[in-house]
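Novice: Got a structure here, written out as structure tokens. Questions coming.
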Amino acid sequence: MPIPEPKPGDLIEIFRPMYSHWAIYVGDGYVIHLAPPSEIPGAGAASIMSALTDKAIVKKELLRDVAGKDKYQVNNKHDKEYTPLPLNKIIQRAEELVGQEVLYRLTSENCEHFVNELRYGVPRSDQVRDAVKVATVTGVGLAALGLIGVMLSRNKKQKQ
């Protein structure tokens, strides 16, 4: 099935190994996105190193160059929850930011936060939220296992 042609203002999710990179489509094949120093076209797994930097550059590049060999899709997943800002405002703000160096934090100011703020006026990252949930569930599970282990150990000692 062919990938639907993105429209200006659409959020583009690019499937990198181990995470998704996000951009906003601005027309004529171009996207605007946050590019930490290692986020080069087709970077793949190497771009996970972007987690180690606190700065990013807002870049306007061809979608095909940013995606490289990775698959991508239009993903305006929050349209039911938030009303997108007017298209001219989305594009104008995105274009004004091109070339600027901005703060980059994996957990609070990443590429997904960036594009959601442009489209909806709300910076949010489901990848970060989901990772926190997994870490919390894992931590609670490990704590429960530890508690069970201590209780079984005490019970065994009491029987001896």
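Every residue, even glycine, has its Cβ placed from backbone N, Cα and C.
These came from Swiss-Prot, pasted as-is:
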type	residues	note
ACT_SITE	H21	active site
ACT_SITE	H33	active site
ACT_SITE	C111	active site, acyl-thioester intermediate
DOMAIN	11-127	domain 'LRAT'
TOPO_DOM	1-131	topological domain 'Cytoplasmic'
TOPO_DOM	153-160	topological domain 'Lumenal'
TRANSMEM	132-152	transmembrane segment
Novice: In Å, rounded, how far does the Cα of the residue listed as 'active site, acyl-thioester intermediate' sit from the Cα of H33 (active site)?
Specialist: 7
Novice: What number of additional C-beta atoms lies within 10 angstroms of the C-beta atom of C111 (active site, acyl-thioester intermediate)?
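Specialist: Around C111 (active site, acyl-thioester intermediate), other Cβ atoms within 10 Å: 25.
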Novice: So for H33 (active site), how many other CB atoms are inside 10 Å of its CB?
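Specialist: Excluding its own Cβ, H33 (active site) sees 23 Cβ atoms within 10 Å.
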Novice: If you run through the topological domain 'Cytoplasmic' (1-131) with DSSP, how many residues end up as helix, strand and coil?
Specialist: 41 helix, 37 strand, 53 coil
Novice: When a 10 Å sphere is centred on the Cβ of H21 (active site), how many other Cβ atoms does it contain?
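Specialist: By my count, 24.
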Novice: Any idea what the Cα distance is from H21 (active site) over to H33 (active site), rounded to a whole Å?
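Specialist: A Cα-Cα distance of 9 Å.
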